[in-house]
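Colleague: What Swiss-Prot records for this protein is below:
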type	residues	note
BINDING	Lys273, Lys776	substrate binding site
BINDING	Asp276, Asp773	Mg(2+) 2 binding site
BINDING	Asp276, Asp280	Mg(2+) 1 binding site
BINDING	Asp306, Asp541	Mg(2+) 3 binding site
BINDING	Asn568, Asp743	Mg(2+) 4 binding site
SITE	Asp310	site 'Important for proton transport'
SITE	Asp317	site 'Important for proton transport'
SITE	Asp777	site 'Important for proton transport'
SITE	Lys788	site 'Important for proton transport'
TRANSMEM	45-65	transmembrane segment
TRANSMEM	66-86	transmembrane segment
TRANSMEM	118-138	transmembrane segment
TRANSMEM	160-180	transmembrane segment
TRANSMEM	348-368	transmembrane segment
TRANSMEM	386-406	transmembrane segment
TRANSMEM	421-441	transmembrane segment
TRANSMEM	468-488	transmembrane segment
TRANSMEM	577-597	transmembrane segment
TRANSMEM	686-706	transmembrane segment
TRANSMEM	716-736	transmembrane segment
TRANSMEM	782-802	transmembrane segment
Amino acid sequence: MMMDEDVEQASLMSFNDRPRAFPNMRSKTYSPLIFRIIRKLNVRVLSIILLFCFGAIFYMGASTSPIIVFVFTVCIISFLLSIYLTKWVLAKDEGPPEMVEISDAIRDGAEGFFRTQYSTISKMAILLAFVILCIYLFRSLTPQQEAAGLGRAMSAYITVAAFLLGALCSGIAGYVGMWVSVRANVRVSSAARRSAREALQIAVRAGGFSALVVVGMAVIGIAILYSTFYVWLGVGSPGSMNVTDLPLLLVGYGFGASFVALFAQLGGGIYTKGADVGADLVGKVEQGIPEDDPRNPAVIADLVGDNVGDCAARGADLFESIAAEIISAMILGGTMAKKCKIEDPSGFILFPLVVHSFDLIISSIGILSIKGTRDASVKSPVEDPMAVLQKGYSLTIILAVITFGASTRWLLYTEQAPSAWFNFALCGLVGIITAYIFVWISKYYTDYKHEPVRTLALASSTGHGTNIIAGVSLGLESTALPVLTISVAIISAYWLGNTSGLVDENGIPTGGLFGTAVATMGMLSTAAYVLTMDMFGPIADNAGGIVEMSQQPESVREITDLLDAVGNTTKATTKGFAIGSAALASFLLFSAYMDEVSAFANVSFKEVDIAIPEVFVGGLLGAMLIFLFSAWACAAVGRTAQEVVNEVRRQFIERPGIMEYKEKPDYSRCVAIVASAALREMIKPGALAIASPIVVGLVFRILGYYTGQPLLGAKVVASMLMFATVCGILMALFLNTAGGAWDNAKKYIETGALGGKGSEAHKAAVTGDTVGDPFKDTAGPSIHVLIKMLATITLVMAPVFL
């Protein structure tokens, strides 16, 4: 798509003569305690502390493996690059004062909610850490842990420390996503007055900063834990723990990351969609005013929600995905290396860390490939922003194929099976292709350039009911291709792994599960660039809101509308990517759970027979959990939206001058209502997700004790996990795609199709968009986290079920 001259070269004229309805709400910027402490330190003291920390990290890495040193080096370089991207973005101008005022209010709202939300989450995390400590002090140990002298107390402290570190890193990942978004949005708005390309580049680099930090922290956090435990426990020395058993000590890290990600996604999703739905129902439908109009009392809450829901929550979500995938792959790699009696198993265990280190390198190249702004005096059309992002993604994919092949040859070559590395390289290629197909499928079903969304828009012309029917049917249909893709990927990767030539002492092939692990790594090998595209969406959305509220020329709004439409598509495609990776990661975690049960029970645990009534009931409970969780998440958005609607209606009735710009809306009141409701509503579905597998496992463990079935608790939980994963994948695909399609059908009509804004088709499309909001931004993304968190909970609690 090409943009016209008047879109590319927007007017810079001042609009100060237009009426405004916006108060200056700026207050002191919030930052977490750890950052405030660092700021107060003397520069020399801080430098010495950093040098000491880096020295300690590299010492532990050198004492562990040269591979860990490579991982540490890449992560630190990526952090330095992210600092460069931050400075580059913050060096851009913020535009006129009216833009800055709006941006400041959004920043205040986002940081205020973040502070309250994460304070609540941290208290719950500390309480859960205490529960885990008590449970682990009375749990059983694996024979290998007992032989290595690892007592219950030591095991408990290690798991709790890993849990708290995972929770902390996940929280920081969320904060980083929000921090950059609330500072980049106004700079994108300002750049849109000059050039669409400049606005695009700022949004991409801001998203890139967050992505590199999130992925880098996931990798370096696990690497630090691994090397610390390796040195501390004397792994590899006579009488100590075997290196192949070490990854089991890391499961707490994945659980901590999942715990924070779930509540971040729930709270952020309820906030953003409660505000969005409430603002749309009264503003667009009842009052007939445009989106992001300054007369709407809920508009600031809506814009704040983009940051806490789409940026902070998505950062924590992908952090958790990567952490869970790395840990499960390390467990499976260690198990396979032990079965095959590979002389140096470190390559198979540390392979996931190296893959994601290369991810940081190639994604950085992809981000920097989005070239700078042309001279503003050059009046020529530019490429479609989606095409620009797609070129960067294609470059990243090509580099991923090359680096993945090099990584497999470097780390997975073994004399026992000289060609095994090539089979695993093909497994990685399967994962990379799967990721690309998932992105394409999501784009096809949610981009208004393609038939499905246009058909949905056409259905809007005959009323609200036909819009809803068409959207639901589109969402249901959209599950078919992804499921077929996942099925082919799992079977292909398993077959390639099984035929790699790696066999156990009985000559039985053992590489199948590790092959699926490698495919999952391949799918996530471009995660940093995918997260960049995801972060681009809410930044562009916020920029459009700032432009609308500051009443900039229509040509500027056209640029931000275009970026916003592309952002909607990238958000939808990255959600497809996220659920695909969650599906493969959950399969890995399920396999890792079975390996862990085998290790603790000291008996083979390879099959789950659903013909056993209790096991079948566990599966039913898992499927039910997905539906009940989704219902509670959507209902939470509905209740929050009702509070917002009542407040906005009250303000319009009591302050009739708002519509004529004679009175200012009370924006802060809506922000407070949404924040309070989101924090209140996130507890119930979150508690359901955490308590369900633990309660089910304990109940059936007791039942198994009295019926002479010692592994019944573990089997029922395995069945619950299996069914919940299958139902969760399908439900998330339906919710994400239907919601994204409804949103872009509305955007398509707003471009002028089928009567444009204000038409009957547009009103029906707004209804569909309203229904789709909690689907795609609350329930759907939360299910991504839920199915992985169920797996990490079972990994941590597996000894309790025996």
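Every residue gets a Cβ built from N, Cα and C, even glycine.
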Colleague: Is it the case that the transmembrane segment (716-736) and the transmembrane segment (577-597) have 3 or more CB pairs under 8 Å, with pairs at least 6 apart in sequence?
Modeller: yes
Colleague: Using the alpha carbons only, what distance in Å do you get between Lys273 (substrate binding site) and Asp773 (Mg(2+) 2 binding site) once rounded?
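Modeller: The separation of the Cα atoms works out to 6 Å.
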Colleague: How many Å lie between the Cα of Asp777 (site 'Important for proton transport') and the Cα of Asp306 (Mg(2+) 3 binding site)?
Modeller: 10
Colleague: Using a 10 Å radius around each Cβ and all protein chains in view, which of these binding-site residues has the most neighbours: Asp276, Asp280, Asp773?
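Modeller: Result for the most crowded candidate: Asp276.
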Colleague: Decide whether the stretches the transmembrane segment (118-138) and the transmembrane segment (66-86) have at least 3 CB pairs under 8 angstroms, with pairs required to be 6 or more apart in sequence.
Modeller: no
Colleague: Take the transmembrane segment (386-406) and find every residue of the same chain, 6 or more past its ends, with a Cβ under 8 Å from one of its Cβ atoms.
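Modeller: For the transmembrane segment (386-406), the sequence-distant neighbours (Cβ-Cβ under 8 Å, at least 6 residues beyond its ends) are 1, 200, 204, 355, 358-359, 361-363, 365-367, 369-370, 425, 428-429, 432, 435-436, 439, 447, 521-522, 525-526, 529-530, 533, 536, 566, 569-570.
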Colleague: Going by DSSP, give the three-state secondary structure for Asp306 (Mg(2+) 3 binding site).
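Modeller: Reduced to three states, the DSSP call for Asp306 (Mg(2+) 3 binding site) is helix.
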Colleague: Residues of the same chain, at least six outside the transmembrane segment (160-180), with any C-beta under 8 angstroms of its C-beta?
Modeller: 31-32, 86, 89, 110-111, 114, 118, 121-122, 125-126, 128-129, 132-133, 136, 206-207, 209-210, 213-214, 217-218, 221, 225, 249-261, 264, 307-308, 311-316, 318-320, 323, 535, 796
Colleague: Have a look at the recorded positions Asp280, Asp317, Asp541, Lys776, Lys788 and say which one has the shortest Cα distance to Asn568 (Mg(2+) 4 binding site).
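Modeller: With Cα distances computed to Asn568 (Mg(2+) 4 binding site), the winner among Asp280, Asp317, Asp541, Lys776, Lys788 is Asp541.
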Colleague: When you scan the chain for residues with a C-beta under 8 Å from the transmembrane segment (577-597), skipping those not six or more beyond its ends, what do you find?
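Modeller: For the transmembrane segment (577-597), the far contacts come to 248, 251, 317-318, 321, 324-325, 327-329, 331-332, 335, 431, 434-435, 438-439, 442, 482, 485-486, 489-490, 513, 516-517, 519-520, 523-524, 527, 530, 605-606, 711, 714, 718, 721-722, 725, 728-729, 732-733, 736, 780-781, 783-784, 787-788, 791-792, 794-795, 798, 801-802.
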Colleague: Looking at the recorded positions Asp310, Asp317, Asp541, Asp743, Lys788, which ones sit with their CA no more than 10 Å from the CA of Asp276 (Mg(2+) 2 binding site)?
Modeller: none
Colleague: Give me the CA-CA distance between Lys776 (substrate binding site) and Asp743 (Mg(2+) 4 binding site), in Å, as a whole number.
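Modeller: The Cα atom of Lys776 (substrate binding site) is 9 Å away from the Cα atom of Asp743 (Mg(2+) 4 binding site).
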Colleague: Sort the recorded positions Asp280, Asp317, Asp743, Asp773, Lys788 by C-alpha distance from Asp306 (Mg(2+) 3 binding site) and give me just the closest.
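Modeller: Given the candidates Asp280, Asp317, Asp743, Asp773, Lys788, the nearest one is Asp773.
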Colleague: Should any of the recorded positions Asp541, Asp743, Lys788 have a Cα within 10 Å of the Cα of Asp773 (Mg(2+) 2 binding site), which are they?
Modeller: Asp743
Colleague: If we skip the immediate neighbours and take only residues 6+ beyond the ends of the transmembrane segment (686-706), which ones have a Cβ under 8 Å from one of its Cβ atoms?
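Modeller: Same-chain residues near the transmembrane segment (686-706) but 6 or more away: 128, 259, 262-263, 266, 614, 618, 621, 625, 628-629, 632, 712-717, 720-721, 786, 789-790, 793-794, 797, 800-802.
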